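A.B. asks: Got a structure here, written out as structure tokens. Questions coming.
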Amino acid sequence: MSLVLAVNAGSSSLKISLFRRSADNAANPALLLSSSTSSIFTPPARFKLSFVALQHRSLSEEVDSIYDHESAFKHFLHRLKEEASIDTTDIKHIAHRVVHGGDYISPVVIFEESYHHIKKLSDLAPLHNGSALSVISSAIKALPHAKSIAFFDSAFHKDLPTHVATYAINQQVAHEKGLKKYGFHGLSYAFILRAVAAHLNKAPDTLNIIALHIGSGASMCAIRNGQSIDTSMGLTPLSGLPGATRAGDIDASLIFHYTSRSPAHMSHDPSISKEVKVTEAEDILNFKSGWKALTGTADFKEITEKADTSVLSDPISRTADPNTLAFRIMLDRILHFAGAYHLALHGNVDALVFAGGVGERSAELRRAVGEAVACLGFAVIDETKNIQVNDDEGIIVDIGKGDGRKRMLVCHTDEQLEMAIECSLANEFWV
């Protein structure tokens, strides 16, 4: 058999799917099994393994011996051999999701040079690139016969217009240091594009959509004729929408006042200012901000359960409730980008598409966004369809009332499947 292992390393999780490639139908690799490991750094980790090809059998367990991504990957291989009787020599390729690829604009086989290039970019994607490298090292050691291939989230945005990708800073410095907008969540956007095109029976290169990947990391993307023309994340995944622990867009000078020794007010007095190192600033803005800083929880479901989400009844809110505030901040930032992208697409939009853990599960957020964008000609949300999204087994769920206007869709995105498809279709990897 020709098997493809698709590996998606998150900041504290590891998702792995095993696919069988058929030479006669490379565009549709068959899913054999999938696994997820969560709470990696707070043992016991939670491990789940589901066998799609074996009567949908599954197992769940808590594992004390998992304490990092490398041990999580080793546990998966142990369970793969023990529970599925898979001969690991049949695994020909391992597709690794890597968030930041820098100047890499297509998948690359991992050799010493490409490994060190990805390692150098870890500071630009501190929540993800490091964990991906850990799994890549483990995979090369455990499965030396298999070809490890890096698939980059940033590659989807390789065709961003120059004026969109360029920051208004000294361009000599920018070019020397690679300081520009890269964009992320590209594997998810590639899958969304592929799935929506099939759903609407349109060629991908004719499709115009506004896509929202909303999870603990959140971003948006404007896609025209199948290409990314703008996206909310930038040089790093920090910019744009707020996330579970990320601040999103802020005034660049805020971090200096945030860390100032002045207890109550902003000041440029050098006696109370503090030297802020890049690592400290990134730690605050990547790990100590976002919804969790506002509410005390990174769980957006918990936030929406406590928040007042009836936005249209009180459009100018002065709420002091932290959960309502967090919900409205998220909504405000989404609408900011949705409006800008609608203009960038000249109003010619086939669909607005929700994806990601929050985008796929939060009926409240979809409802609030839908109410706001209806004035732009998007279909009015059908509330019955909206609250039953998770009961629908389809990849794409149309939650609009079907009045022929711009569609409101939910996509159950699958980055592992997207990697498996791209890997299966790339003939150069199978020579």
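Here the Cβ of each residue, glycine as well, is placed from N, Cα and C on the backbone.
What TrEMBL records for this protein is below:
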type	residues	note
ACT_SITE	ASP153	active site, proton donor/acceptor
BINDING	ASN8, GLU415	Mg(2+) binding site
BINDING	LYS15, HIS213, ILE214, GLY215, SER216, GLY217	ATP binding site
BINDING	ARG97	substrate binding site
SITE	HIS185	site 'Transition state stabilizer'
SITE	ARG246	site 'Transition state stabilizer'
A.B. asks: Sequence order is fine: just name those recorded positions in ASN8, ARG97, ASP153, HIS185, ARG246, GLU415 with a Cα within 10 angstroms of GLY217 (ATP binding site).
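C.D. replies: For GLY217 (ATP binding site), the recorded positions whose Cα atoms are within 10 Å come to HIS185, ARG246.
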A.B. asks: For HIS213 (ATP binding site), write down the residues of its own chain that are at least 6 apart in sequence and whose Cβ falls under 8 Å from its Cβ; none is a fine answer.
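C.D. replies: Same-chain residues close to HIS213 (ATP binding site) (Cβ under 8 Å, separated by 6 or more) are HIS185, SER188, TYR189, ILE192, SER219, MET220, CYS221, ALA355, GLY356, GLY359, THR413.
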A.B. asks: Within 10 Å of ARG246 (site 'Transition state stabilizer') by C-alpha distance: pick out those among the binding-site residues ARG97, GLY215, SER216, GLU415, and say none if nothing qualifies.
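C.D. replies: Near ARG246 (site 'Transition state stabilizer') by Cα: SER216.
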A.B. asks: Listed ATP-binding residues LYS15, HIS213, ILE214, GLY215, SER216, GLY217 - what's their greatest C-alpha to C-alpha distance in Å?
C.D. replies: 18
A.B. asks: About how far apart, in whole Å, are the alpha carbons (Cα) of GLU415 (Mg(2+) binding site) and ARG97 (substrate binding site)?
C.D. replies: 8
A.B. asks: So among ASN8, LYS15, ASP153, GLY215, SER216, all listed as recorded positions, which is physically nearest to ARG97 (substrate binding site)? Use the C-alpha atoms.
C.D. replies: ASN8
A.B. asks: By CA distance, which of the binding-site residues (ASN8, LYS15, ILE214, GLY215, SER216) lies nearest to ASP153 (active site, proton donor/acceptor)?
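C.D. replies: Nearest in space to ASP153 (active site, proton donor/acceptor), counting only the binding-site residues, is ASN8.
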A.B. asks: Return the single residue from the recorded positions list (LYS15, ARG97, HIS185, ARG246) that has the minimum number of other CB atoms within 10 Å.
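C.D. replies: The recorded positions LYS15, ARG97, HIS185, ARG246 were compared, and LYS15 has the fewest Cβ atoms within 10 Å.
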A.B. asks: Measuring Cα to Cα, how many Å separate GLY215 (ATP binding site) from ASN8 (Mg(2+) binding site)?
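C.D. replies: That separation, Cα to Cα, works out to 15 Å.
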A.B. asks: Quick one: Cα separation, ASN8 (Mg(2+) binding site) versus ILE214 (ATP binding site), in Å?
C.D. replies: 17
A.B. asks: If I restrict to non-local contacts, at least six residues apart, and a C-beta distance under 8 angstroms, what lies near SER216 (ATP binding site) in its own chain?
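C.D. replies: Looking at Cβ-Cβ distances below 8 Å from SER216 (ATP binding site), excluding near sequence neighbours, one finds SER11, GLY243, ALA244, THR245, ALA298, GLY357, VAL358.
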A.B. asks: Taking the Cβ of ASN8 (Mg(2+) binding site) as centre, how many other Cβ atoms lie within 10 Å?
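C.D. replies: Total other Cβ atoms inside 10 Å, all chains included: 23.
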